Amino acid sequence: MMKFCKQDFIFLVGGIIIHVVDIGVDFWVASKYFCEGQYYWGILILCFRGLSSVVIQLFSYEWFKNDFENPDPEKLKWIFLVHFFHCGIFIRYWFALKYSYQAAFKQNSNGVVSEREHPNFIHKQAIDIMTDISMLKVFKTFLESTPQLLVQIYILMEHDTTSFCQYAAIFLSFCGISYSTVDYQISLRKSLPDKDEFHVLSKLVYLFYKLLTITSWILSISLITLLSVRSSVFLLILLWSCGFLWTWKQHTTFCKSKVMECLYRTVVGVILVFTFFNIKGTKTKIHISIYYATHTLLILGVLFIYWFWKPSFTKGIHFTIVGILTVVSLVLGIIFLLVYYRHFHPTVYCRQQTCSDETDGDSEGKDRMEVGRFQNFIMQ
């Protein structure tokens, strides 16, 4: 079993700081738009914040109920009220700080201790709690941070004006995406006993792979939006529909409730709009190849239209710079993707006794042991 170390605790504290600052920046940016009379942008920013918060509270509360074998009605009522006021994530952070501090700094006891005070139990509790938080952070990233990043970049290109709060919002969105993607893989490696350890170099390669491919795609969507908002909305809805139907076809079993499972598939459809998402832990080589090949063709198609059509506003938005950034991000992102899957992606997922069933590097053994929610929630 992997241990929860001091570095993980520092990473947790950093994530809490980013989360709190991100909330403040969102309300700051929204208030600036309202003061400037740009009510649509202010409302849109708050809608992204509200939507992601509602989804996070729903999943967090559902997991609390599932984790209690014999739930106390009074305790459930208190937990419900906390989530009703959108503070569920902070309760989880509190428990994460409690157990992670004990796991990272408390000396192992050599004497006789109870089961709940045993170091292995404390480490497992810390890892399990961080696993849940990392899932919720992934939901928040692609329901809020990524769409907000798209909106802020579009606003900058459309109006050709900048302000400090817009730069702060863009910077925090990038920080949120970076933190959640790396944190997810850290929790994944620690929660699944068959995963390899996630070293510093592999973390960086994975981070650049995700961040650069997402950046190139967001810049492309921003360019489409400048040409036609309706076309951009239609494309996003079309891509979400494809992702949702593919998720539905996979017959996911992430939630016990049918309603929550439908919500989960809806959220996965949104995530698939921006990045690849392996929802079943099965072979992904063909799927990921098709996914990024499609994105590459769409990005090149957008740049082709701009290059030959040359809309009148291309000079105003410094199209050359945006185009170069898009191409460079795409090329580097694909390179980091290939490097990651060639050298750093775990080559064995299943235990030795189950490898006879599935041996591909992108598969999860059918008969593997129960490992919690991550068993049905795998993003490669």
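Just so it is clear, glycine is given a Cβ too, placed from its N, Cα and C backbone atoms.
Database features, via TrEMBL:
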TRANSMEM  9-29  transmembrane segment
TRANSMEM  41-64  transmembrane segment
TRANSMEM  76-95  transmembrane segment
TRANSMEM  167-186  transmembrane segment
TRANSMEM  207-227  transmembrane segment
TRANSMEM  233-250  transmembrane segment
TRANSMEM  262-279  transmembrane segment
TRANSMEM  291-309  transmembrane segment
TRANSMEM  321-341  transmembrane segment
For the transmembrane segment (9-29), sequence-distant contacts whose Cβ falls under 8 Å of one of its Cβ atoms, 6 or more beyond its ends: 42, 45-46, 49, 89, 93, 96-97, 100-101, 103-105, 130, 133, 137, 145, 148, 152, 165-166, 168-169, 172, 175-176, 179, 183, 186
Cβ contacts under 8 Å made by the transmembrane segment (262-279) with residues that lie 6+ beyond its boundaries: 55, 58-59, 138-139, 142-143, 146, 210, 213-214, 217-218, 236, 239-244, 246-248, 250, 252, 254-255, 287-288, 291-292, 362, 376-380
Folded-back contacts onto the transmembrane segment (291-309), same chain, C-beta under 8 angstroms, at least six residues removed: 213, 216-217, 220, 223-224, 227, 272, 276, 319, 323, 326-327, 330, 334, 337
Paired segments the transmembrane segment (167-186) and the transmembrane segment (207-227) in contact, 3+ CB pairs under 8 A: yes
Outside the transmembrane segment (207-227), six or more residues from its ends: residues with CB under 8 Å to it: 146, 149-150, 153-154, 157-158, 174, 177-178, 181-182, 235-236, 274-275, 292, 295, 298-299, 302-303, 305-306, 311, 313, 317, 322, 325-327, 329-330, 332-334, 336-337, 339-340
